[in-house]
Amino acid sequence: MALSTRLAWPLRPALAALRRAAPGQPRGLSTLPGPTHTLDLRGIFPPLATPFSPAQEVDYARLEGNLCRYASIPFRGLVVLGSNGEYPYLAPQERLELVSCVRRALPKDRLLLAGSGCESTQATIKLTVSMAEAGADVALVVTPCYYRGAMTSAALVRHYTEVADASPIPVVLYSVPANTGLDLSLEAVLTLAQHPNIIGIKDSGGDITRIGLMVHKTRQEDFQVLAGSAGFLLASYALGASGGVCALANVLGAPLCQLDRLCREGRWQEARDLQHRLIEPNVAVTRQFGIPGLKQAMEWFGYYGGPCRAPLAPLSPPQVEELRSTFSANGWL
């Protein structure tokens, strides 16, 4: 392991002392034996949608308006530049400005996770350092995938190790096979979990067996598993996941935080009833209608969704009605 990695081990107690524990978090689910976490990721993180003007420019005033409304919801923090933020469509300067804008508006006790994954290791390191300078607390690093045939476990372990060695902030792995066509293997995750600057994974694949194994096999590491979708949040919590990065939280943030609380308090019947009502809306704003559906739903709940950047197209009128029907049938509209 690199010298910078070995030198990071003695810094853990100091880092832990500098980090604030998640406010108001009941302890019901956090009973697994293991080390004290350098950074507490328990709770719900919405991966923010990026608001655009009708001319498809980033609308920072609308973003600040959404952030003001999100401030009243007990999120653990926010994710900027995730898949739902239309990250691939943003220019480098826009990415940094978005992180800076959100950091200024975000209360100090809430975490800011920023997407910094690029196709090359060199570019990922450079952007990760820039994200830290812009105010990010954690780098969320998606798997490089353009040459997915060459992205073996060994190649990905090498990539993430070099990024984590160079990163001035902790790193969270990001596996989203629906977008990348690439699943970060369990073998690679278990190897990377031993790195002192890699503190967790956002897993969006939806394989509950895999999530359970990651929690089980990393329980002695400073490593936390985050469910990557609201559709399997309860199941992930039941297996020991720490929290969730859920697109639906842009729309139904308070109910998702309620589900988080119910699980931590062991109120499983209430949690199950709530989870059932969230599954269809979650599918609608992710797999079925994607970001255009998410932004349309945001409008109904008082947020600014606005247009997507081309080539993403708005929903057709029949699709809008189908989306509305899904939310209505589950009691949200």
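Heads up, the Cβ atoms here are built off N, Cα and C, so glycines get one too.
Record features, source TrEMBL:
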- Tyr174: active site, proton donor/acceptor (ACT_SITE)
- Lys202: active site, schiff-base intermediate with substrate (ACT_SITE)
- Val245: pyruvate binding site (BINDING)
Item to check | List of residues, in chain order, with Cβ under 8 A from that of Val245 (pyruvate binding site) and at least 6 apart | outcome: Phe45, Pro46, Pro47, Val79, Gly82, Leu113, Lys202, Leu226, Ala227, Gly228
Item to check | Residues satisfying Cβ distance under 8 Å from Tyr174 (active site, proton donor/acceptor), sequence separation of at least 6 | outcome: Gly82, Gly115, Gly117, Leu140, Val141, Val142, Thr143, Ile201, Lys202, Ser204
Next on the checklist: At a 10 Å cut-off from the C-beta of Lys202 (active site, schiff-base intermediate with substrate), count the other C-beta atoms across all protein chains.
Outcome noted: 27
